[in-house]
Amino acid sequence: MESASPFVVTAAQMRAAEEAAVAAGSDWAVLMERAGTGVAEAALAHFAPLAGRTVLALVGPGNNGGDALVAARHLADAGAQVTLYCWRRNRVDDNLLACRARGIREVHAADDADGALLRAMLAEATLVIDGLLGTGARPPADDLAAIIAAANTARAQRADLRVVAIDLPSGVAADDGQVATVAIRADLTVATGLLKRGLLLWPGRGYAGTIVVAPIGLGSLDEALTMSELLTATQARAFLPARPADAHKGVFGKVLVLAGSINYPGAAALACAGAQRSGAGLVTLATGRNVLALAKVPPEVTLLPVAEGDWGAIGPAAVDELADDLPRYQALLIGPGLGQAEATRQLVLRLFGLDQVRSRARVGFVAVGDAIAHVPQKTVELPPTVIDADGLNLLASASGWFERLSPERCVLTPHPGEMRRLLGVTELPPDAVAVATEAAQRWRQTVVLKGATTVIAAPDGHTLIHDGANPALATAGSGDVLAGIIAGLMAQGCAPFAAAALGVYLHGAAGAKARAAMGDAGVVAGDLLPLVPQAIRELRAG
Ligand SMILES: NC(=O)C1=CN([C@@H]2O[C@H](COP(=O)(O)OP(=O)(O)OC[C@H]3O[C@@H](n4cnc5c(N)ncnc54)[C@H](O)[C@@H]3O)[C@@H](O)[C@H]2O)[C@@H](O)CC1
Ligand SMILES: [K+]
């Protein structure tokens, strides 16, 4: 989805944007006129011809209903047979008068107690305009819930009935995308002015259908309103590292992948291949000697066998073996397939200097939850680092882990389960944007909170939201490929946030290609690898 404005706001931020526009000379009525006009234009663009067709506008009590009245008037002017179905819309304003002046039929839900009229009108409609609730919505109940359910039933029964939601599908919470009771199922959602966060978060995203933004003339926005954006091709393109024709492989950086265990040799191989396919000059895998024999790494990957602690699990002595080599790499990836053996936990803690720390909340001499506070090891200088999968799970076992990471050097790529462990909570709040933003600011690292919608959050509070739900990507190893791509981009000189955002975009683009070629089911992570260079080429070409 490319949109007029990529900014994504909460309901409160939207109100602030509107108030700022009004303070700068705009008029509420003009904003609403533009919003309703944009809805009508989008409906015509997507579902033409509407002349002579029957359009049913569901009109609620607030400004969302006001937008619907404006859209209804424009669609009537375009030749559609429009009917208004008003729910608790008792005031008569200019927009309603303008509809009446055109002879647009007006039915009030109060006169349709059993909903029979509504069902009859839905049975005849070609298009439903949902202007019941917008950013001011509380969870619909009773007669309002029944109206929404009737519209959903009609849409489910008739493939030729299309539903256009204004701003948000009614019933979807504007800030976190939750659907507490029922919500309109839309084919198209026309966000007025700016995208609302709940449109992009699940389950709300699943109700919205195609999303477009109708510009309403908000003018220049305050910085607080521009901190959260949709990740678009335009933005991803700006993060692409240069690819000079006269470059040698050293220019594109070396990645060290510290990954794999006896049960997960493939994760290490996929991560290495992801880094290669993102354009890194050289990829090296450091893993246990017994794991190396099993990991089917691409032939171009160089190998560094390191000490195992338990059999098939990398142990803490590997840190000493790697310490002298680490400065030669431009990026480190730790985590894919590491497993959670105690020896590997000690490896992770030693790598990040956490085995030298005692918890501030300790009792006695040894911190609960921390590793053994043993003899100090020499401090290891780490290159910019991606921490993924079990690297995150093991890190989470040490309290205050984030205080030992060099600020703004790392990308952490948790899925929700890993995020819960890192935060030490049993449940995450539904607003993934808030969760990722607060974590990135607190930890002072870039965070990629993965999901059907992935959030990339920077330590300075900026977030990019990737609208990339794709069931083909829900497959083992997909995250290993992503972590490899991000590390490969960091080795090529991308800053952590840029590498994370570009990596998520390219991974999503490769996934979209795999889905287009093979379908929703049966794509395996390895299928993504050859598609990553194609995604880079297409992004670069624009
Ligand atoms: N203010 C403006 O000029 C603009 C507003 N816009 C539109 O205005 C919308 C926001 O307007 P509002 O703040 O009026 O909010 P809504 O249009 O979402 O409606 C809020 C009204 O519905 C009632 N309500 C909400 N949930 C209910 C429930 N479950 N049961 C019963 N009553 C319920 C509230 O009490 C309130 O009266 C946006 O989503 C957008 O569509 C846009 O047109 C841009 C310009
Ligand atoms: K709506």
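Placed from the backbone N, Cα and C atoms, the Cβ positions cover glycine too.
Listed in TrEMBL for this protein:
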type: DOMAIN; residues: 14-224; note: domain 'YjeF N-terminal'
type: BINDING; residues: Asn63, Asn64, Gly65, Gly66, Asp67, Asp167, Ala267, Gly337, His415, Asp480; note: (6S)-NADPHX binding site
type: BINDING; residues: Asn64, Asp130, Ser170; note: K(+) binding site
type: DOMAIN; residues: 232-539; note: domain 'YjeF C-terminal'
type: BINDING; residues: Lys450, Gly451, Ala452, Thr453, Thr454, Gly479; note: AMP binding site
Worksheet item: Which ones are near Gly65 ((6S)-NADPHX binding site): of the binding-site residues Asp130, Ser170, Gly451, Ala452, which have a Cα within 10 Å?
Response: Asp130
Worksheet item: Rounded to a whole number, how many Å is the Cα of Thr453 (AMP binding site) away from the Cα of His415 ((6S)-NADPHX binding site)?
Response: 11
Worksheet, complete the sentence: binding-site residues Asn64, Asp130, Ser170, Ala452, Thr454, Gly479: those with Cβ under 6 Å from an atom of ligand 1 are Asn64
Worksheet item: Which binding-site residues out of Asn64, Gly65, Lys450 lie by ligand 2, going by a Cβ under 6 Å?
Response: Asn64
Worksheet item: Where does His415 ((6S)-NADPHX binding site) sit in the DSSP three-state scheme?
Response: coil
Item to complete: Within 10 Å of each Cβ, count the other Cβ atoms, then let me know which of the binding-site residues His415, Lys450 comes out lowest.
Response: His415
Worksheet item: Between Gly479 (AMP binding site) and Ala267 ((6S)-NADPHX binding site), what is the CA-CA distance rounded to a whole number of Å?
Response: 9
Worksheet, complete the sentence: Nearest by Cα to His415 ((6S)-NADPHX binding site), of the binding-site residues Asp130, Gly451, Ala452, Thr454, is Gly451
Discussion item. I'd like the Cβ neighbour count for Asp67 ((6S)-NADPHX binding site), meaning other Cβ atoms within 10 Å of its Cβ, all protein chains included.
Written reply: 33
